[in-house]
Amino acid sequence: MRRLWPSSLSGQIALLMAIALLVAQAINFALALRERERLVLTQVSAPTIARLIDAVERDRAGQPVERRFHHLPAWRGIRLNQQSVIGPNMRPRKDIADRARAAFAELEIPVLRIEAAEGDIHRGDRLQRMTQARRAVIGDDRGPRPTLVVTAQVAPGRWISATAKLPYRDNRFIFWLIAQTLILYAVMLVPVLWIGRRIARPLQQLTGAVESFRSAEGGTAVPESGPGDVRRLIAAYNGMRTRIAGMLDEKDRMLGAIGHDLRTPLASLRLRVEGIDDEGERDRAAGTIEEMNRTLDDILSLARLGRPSEAETRVDLGALLDSVVDDFQALGADVSLAEAPRTTVTIRPTLITRAVRNLIDNAVKYGGRAVVAVGSEDGGVVTTIDDDGPGIPEDRIEAMFQPFTRLEESRSRETGGTGLGLALARAIALQHGGRLTLANREGGGLRARLWLPV
Amino acid sequence: MTDRPHLLLVDDERSIREPLASYLQKSGFRVTAVADAAAARQRLQGYAIDLVVLDIMMPGEDGLSLCRHIRETGEIPVILLTAKSEETDRIVGLEMGADDYVLKPFSPRELVARIKVILRRAGGGGSRQSAPESSSYGFAGWVLKAGERILVDSEGVTVPLSTGEYNLLLALVTRPNHVLSRDQLLDITQGREANAFDRAIDNQVSRLRRKIEVDPKNPMLIKTVWGGGYTLSTEVARL
């Protein structure tokens, strides 16, 4: 059932229309049928009752009841029997019996009993056989026509019956219903699909715009089209988009100002540090300034990630990893890269470089060394960075991705870092439609997996 | 006139200008320090300046505009000081004709090393390979975009280079078919204060070969000259 239910707006409207139409048609047909049956019965039963009355009166006057046409009996549908002709397989019609009784009472003709029923009277006579044979020849498979019988007991052992043929009960009613419904449905489907599309298309565009909303500058406003409700929704979305873009602009300006205003004093400090005579002291001071600058960089990058200034380009990921690893090796860090096959990905190279650098930096800092490898998986490429450190308790892994979170609670700067590195790396991965996960390796150490779509 | 190169330092920020000027003087340069572009233009006319160290963000005429002016009127090399790390700013700076840029906060030693590299290049080479940073070089299907510091293959795929690889490749590409000894390469790529070993150059060369050679074991581009050093044996076109 769930599978048959369409998910699209047009599909649902069309299906609902079809069901509603079918139900309405069925009710309509049922009512029409009932009306027709009632009409037919009235039309058929009134003359039948009249003939019965006529026959009973003739019987009372001593005239013959059955009129014979040659040797065929009951041509006029009047028969005289010793018992009721209504068999057990016939359907009693109490309503008609009541009408007949009322008619007899009105004319003050006394009868003992009156019964009425419809169904097949199997007479087995020649006429019936002939009729059946004729039907077989012309391919009429509707069977014998049902008969209405109204019978009156005028004296014990003397029954007079009037019979009349009823119209066929139409068994093909259901086919008519379906055929008519289909025709109606075909006529209605065109406007239904049209209105469905008219609503659905602008909604689809809106959905696409909302889904792809990563940065306010990318993409244009959604054109306002469709019915009024949809138009208002789109207009509201466009307005929101403009407001978000304004807020992001504001944020960018603020960040730019902060970046500049903090870097200038840092630069000044860095110059003055050169005046310190003690070489060890000077290097430590320079290191601290460098770290402040890196933190500032991380904060600015994280904040600016929504509107990257760099364009996406196709990049050889293996070469990118190799260049990062080389830069680490140049600084004397224990970082190695397994032979990387040429893998082309579409990325913002500066950002991915930064993410990889942060991951390797963590591995070296907390795990002593980093082993980098690249491979394909899940229709993308996965870069793994393994270290030999103590790993992270399972329940703390997810928390590590929160900005300013580090494993040791003391936030001592002994091991360096602000806890922004992982948050930034994950944000960069997500921004590229990828993902970043951490897991403890079997046998110790931590593995970071950076998956990127190809 | 002394032998000491004459630097023009332009920075509106006094807290940087003064300590930097004194550091550069201590490092053996003659330094004229000014606070804005107007004063800088004046000094450029009055003195024989060998190199300009220029802050990008200044009130009034900014560094980029002054840089363009310097490039239009002469051959004096320019190093930009910038507080922004956004990629686009770097590239814009280099398109304006700057020879190099330094991100604030910078190590003054590194700045001095870069000044020396550029002065040597400008003085020694004669011909102004001057703005190598702003050029692109095509060789054997590769394009080295010096401004953006990236290498692009014939299909348009970017092949990132480490700092060491980039410096080495730039040195080779700007001197095609010249044999460069390990000492020369060290000197060109890392400045005089480098304390690297010869092995470092060999290491970088083998890395570069892995990236650009069809068969790294049988190199056709970066060839080893026995007892001499390395040479880039292919035609290089400046783009």
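Each residue, glycine too, has its Cβ placed from N, Cα and C.
Now, the feature entries from TrEMBL:
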type     : residues  : note
DOMAIN   : B:6-119   : domain 'Response regulatory'
MOD_RES  : B:Asp55   : 4-aspartylphosphate
DOMAIN   : B:134-234 : domain 'OmpR/PhoB-type'
DNA_BIND : B:134-234 : DNA-binding region
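Taking H, G and I as helix, E and B as strand and the rest as coil, DSSP gives the domain 'OmpR/PhoB-type' (B:134-234) the counts 36 helix, 22 strand, 43 coil. Model confidence over the domain 'Response regulatory' (B:6-119) is summarised by a mean pLDDT of 85. Sequence-distant neighbours of B:Asp55 (4-aspartylphosphate) (same chain, 6+ apart, CB under 8 A from its CB) are B:Val10, B:Asp11, B:Asp12, B:Glu13, B:Ile16, B:Gly63, B:Leu80, B:Leu81, B:Thr82. Remark: secondary structure over the domain 'Response regulatory' (B:6-119) totals 55 helix, 24 strand, 35 coil, with classes taken from DSSP.
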